[in-house]
Amino acid sequence: MTNFTSIHDTDNPQALVQQVLELKQNSSPSTLGMGKTLGLIFFNPSLRTRLSTQKAATNLGMNVIVMNINGDAWNIEFEDGTVMNGSTQEHIKDAVQVISGYCDVMGVRTFAKLEDPQEDYQEKVLNNFIKHSSVPLVSLESATLHPLQSLTDLATITETGNSTPKVVLSWAPHPKKLPQAVANSFLQWITATDAQTTVVHPKGYELSDEFTDGVEVSHDQETALKDADFVYTKNWCSYAQYGQTPPVEKDWTINQQKMKLTNNGKFMHCLPIRRNVVATDEVIDNSLVYEQAKNREYAAQAVLQNILEEL
Amino acid sequence: MTNFTSIHDTDNPQALVQQVLELKQNSSPSTLGMGKTLGLIFFNPSLRTRLSTQKAATNLGMNVIVMNINGDAWNIEFEDGTVMNGSTQEHIKDAVQVISGYCDVMGVRTFAKLEDPQEDYQEKVLNNFIKHSSVPLVSLESATLHPLQSLTDLATITETGNSTPKVVLSWAPHPKKLPQAVANSFLQWITATDAQTTVVHPKGYELSDEFTDGVEVSHDQETALKDADFVYTKNWCSYAQYGQTPPVEKDWTINQQKMKLTNNGKFMHCLPIRRNVVATDEVIDNSLVYEQAKNREYAAQAVLQNILEEL
Amino acid sequence: MTNFTSIHDTDNPQALVQQVLELKQNSSPSTLGMGKTLGLIFFNPSLRTRLSTQKAATNLGMNVIVMNINGDAWNIEFEDGTVMNGSTQEHIKDAVQVISGYCDVMGVRTFAKLEDPQEDYQEKVLNNFIKHSSVPLVSLESATLHPLQSLTDLATITETGNSTPKVVLSWAPHPKKLPQAVANSFLQWITATDAQTTVVHPKGYELSDEFTDGVEVSHDQETALKDADFVYTKNWCSYAQYGQTPPVEKDWTINQQKMKLTNNGKFMHCLPIRRNVVATDEVIDNSLVYEQAKNREYAAQAVLQNILEEL
């Protein structure tokens, strides 16, 4: 494995999932990463990603350097050819070439601006990192995908032993407009399995065709939830009316009553979660969310291990 | 030792003090913490605590992950049952369960809001951490106590060889209103020794009975200082008129003239200190404050060592 | 080596440059720093310095603790004798004594305020660190000098094999007013070699005599660039009219046409660089800037190694 920015960076997603679960079973310390440095670059806040990736790296014996761009460092310019006499202080191409010179592997968390779909869906920031980095790059979430989360989610589902589950990806309410990254990425990974997947969301919240091709799409939450084994919930804003949040009439919060429609289904969410908005306390308190969070560590460790082995 | 959040977490404070002083004498590196991760969570600024605890952990071979909540991560919700459609992004119960999943020991620094005495004195935030953490928890200062500081202070006093000192805890002026945590905690620990303790403060600045029971309380600073061996100085705001700072007429700043009333007494303060407000330069420059700061490292190391031994 | 704050801390700059280049050739891991702690203190943003120094320290087996003053910690008071009842919360003398108690070596990055030349050129903050630190101190840039950068720059020039180059230090435009530190420091180090050095800048931008003594000074950029082997470019504000930016008529941006005047000269800059302001994309993309950035790691490692050997 060289980079890890989407499912396309592994030729065997199921084998990678198995590797994650084996690392969880057998967490004996490794010296594979001794003397190697992982540089983690954050453009926005992070808790699980920050901590789980650091933990994974130290499990492998790596040193970790964390950098908060726009906090610890300089304002970054992303446009090529700009006359930089404004507020940006360093060009992305210079920052990435310099940072990667001090690291053996780099992780970067970028964000969707939710202004221009072209800019986000072309993964401008992530691709700048890939282009200018002299070392392998791990996406810690990008504008449109969150592969470490999705790998984690698959491992969490696989861990339950159900290999042909009915999985529902349900939109949920949220006070802020959020990117489509987690939903896109979940679909990219779950459709590579034998799961039977349905996406359910209010009209106007269709995801990009690229991710829903071949997936059943519904606008009726209660019908969709019927007999579900896993209910993966997430808010996202509109793709068609990019970055907008068209009005939603019904109540899309997941509650106990809705969960009773499922096949004793398990609730999943990537966290952080707005309690009693996305789902009720009762639902969250009887869910897989902490298992998911814990599995982030082993997902990151599997990816870093594969990258280190090919350095 | 499982948690360390007050003197009640040790059944032998004096033995713990001796352990601190022995670690200071013999600081040979330990491998006890190899492969173990300490997660440090800060809700507000910290210098001594941040650095001394990191140093203590690396002395023991531990890995350290530092997290600034409200800076690196998300805004935290503390109320149960809230509909989280406002500015808070993650519930404390989720954050703590997730973080503790990546750590073997957790340290947390919380703060008194100084609005509602019930909320602060019930240690709402700290207790949420204890309740939801799956690993041992060390208080790096809480709303009402600062046990690592107090353990340090006792070690610093014990180090001088005087086992039955006269100790004065004196209130001091400060431009901001500060919590009672350091004062409360100092009393909790010093009253477990054979020291003769007096608290002196302006009227209106009485501490909670819980901490002054059996301690001599005075409002006359000069009389109280007479023959003192140690003058522990700290500002705090009113407990009775919670969070208020009733007007003070006299000058409570500790100066050289006042120190001359003591038995060649040593000045102590937990730092940071407002020079020429809490005490004059001359007093601070001839004090135990740097010894105290240095001893924070060994206090943290003793506590972490005891916790690691019982993991 | 005890401290490293200017060229005067080494009695053989050329030998130090050779040591940097040897470390780059042979980067086998060292255990010299095992069990030793490097404390890095930043008063302002930093990318290269932060990362390269951390990397250098881990190359040597050291533990690193990073502290952002005015972010992670308290507001610092620099004046002696102040009655600290305002916004500053901890005196520099207390902060430094405390921090150095937890470290074996300390690095500090300070900044020129560009208000009072006396204050900056007397290196008030840096000297407070030196005065109050109980451990060796490495400057990560100070108000008037940037010795790790200059050591790096000399190593980068030496690496090319030209031992008697013509070197031009050229002023460049910038939307902000910047300190003279990099320019001063470069002159301090380059004049210790056999290079033939010219400084060229608009009138009004003269550097302090202390650094230009014996150096050719010109106000005609194109003439100065003629036959140059290295073009070191940097913005700085006025020293005589301290902190001002007198109007500049001509275009001082380095472009390809100007580079053609040189002896196939190499463009150098310490980064971060304002592209198409200081120099054009074309110039930067065919320059030594990434080599310089990479060499920062080995410069820091050489300095830390020399300090560790004398601990």
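Please read every residue number as a count from 1 along the shown chain.
Positions of Cβ are set from backbone N, Cα and C atoms, glycine also.
What you see is a predicted model, and the numbers here were worked out from it, not measured in a lab.
Pulled from TrEMBL, these are the features on record:
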{"type": "DOMAIN", "residues": "C:6-159", "note": "domain 'Aspartate/ornithine carbamoyltransferase carbamoyl-P binding'"}
{"type": "BINDING", "residues": "C:SER46, C:LEU47, C:ARG48, C:THR49, C:TRP74, C:ARG109, C:HIS146, C:PRO147, C:LEU148, C:GLN149, C:CYS270, C:LEU271, C:ARG296", "note": "carbamoyl phosphate binding site"}
{"type": "BINDING", "residues": "C:GLU141, C:HIS174, C:LYS234, C:ARG274", "note": "N(2)-succinyl-L-ornithine binding site"}
{"type": "DOMAIN", "residues": "C:182-305", "note": "domain 'Aspartate/ornithine carbamoyltransferase Asp/Orn-binding'"}
PLDDT averaged over every residue in the domain 'Aspartate/ornithine carbamoyltransferase Asp/Orn-binding' (C:182-305): 97
Number of Cβ atoms other than its own within 10 Å, given for C:CYS270 (carbamoyl phosphate binding site): 25
Candidates C:GLU141, C:HIS174, C:LYS234, C:ARG274 (binding-site residues) - the one closest to C:ARG48 (carbamoyl phosphate binding site) by CA: C:GLU141
Secondary structure content of the domain 'Aspartate/ornithine carbamoyltransferase Asp/Orn-binding' (C:182-305), with strand meaning DSSP E or B: 44 helix, 19 strand, 61 coil
Cα-to-Cα gap, C:ARG296 (carbamoyl phosphate binding site) vs C:GLU141 (N(2)-succinyl-L-ornithine binding site), nearest whole Å: 12
C-beta crowding around C:LYS234 (N(2)-succinyl-L-ornithine binding site), within 10 angstroms: 22
Inter-residue C-alpha distance, C:LYS234 (N(2)-succinyl-L-ornithine binding site) and C:LEU148 (carbamoyl phosphate binding site) (nearest angstrom): 16
Chain-internal residues, separated by at least six, CB under 8 A from C:HIS174 (N(2)-succinyl-L-ornithine binding site): C:ASN235, C:ARG274, C:VAL277, C:VAL278
Chain B neighbours, restricted to the binding-site residues C:GLU141, C:LEU148, C:LYS234, C:ARG274, by C-beta under 8 angstroms: none
Cβ-Cβ neighbours of C:ARG48 (carbamoyl phosphate binding site) (radius 10 Å): 27
Binding-site residues in contact range of chain A, given that the Cβ distance is under 8 Å, out of C:SER46, C:TRP74, C:HIS146, C:LEU148, C:CYS270: C:SER46
Largest CA-to-CA spread of carbamoyl phosphate binders C:SER46, C:LEU47, C:ARG48, C:THR49, C:TRP74, C:ARG109, C:HIS146, C:PRO147, C:LEU148, C:GLN149, C:CYS270, C:LEU271, C:ARG296, angstrom: 30
Spatial neighbours of C:GLU141 (N(2)-succinyl-L-ornithine binding site) among the binding-site residues C:TRP74, C:LEU148, C:CYS270 [C-alpha, 10 Å]: C:LEU148
Spatial neighbours of C:LEU148 (carbamoyl phosphate binding site) that are distant in sequence (at least 6 apart) but have CB under 8 A: C:PHE4, C:THR49, C:THR53, C:VAL138, C:SER139, C:LEU140, C:GLU141, C:ARG296, C:ALA299, C:ALA300, C:VAL303
Other CB atoms within 10 A, centred on C:GLU141 (N(2)-succinyl-L-ornithine binding site): 27
Close in space, distant in sequence - C:SER46 (carbamoyl phosphate binding site), Cβ under 8 Å, 6 or more apart: C:ARG109, C:LEU140, C:GLU141
Three-class DSSP secondary structure - C:TRP74 (carbamoyl phosphate binding site): coil
Residue, out of the binding-site residues C:HIS146, C:ARG274, C:ARG296, whose Cβ gathers the largest set of other Cβ atoms within 10 Å: C:ARG296
Mapped DSSP class for C:HIS146 (carbamoyl phosphate binding site), helix or strand or coil: coil
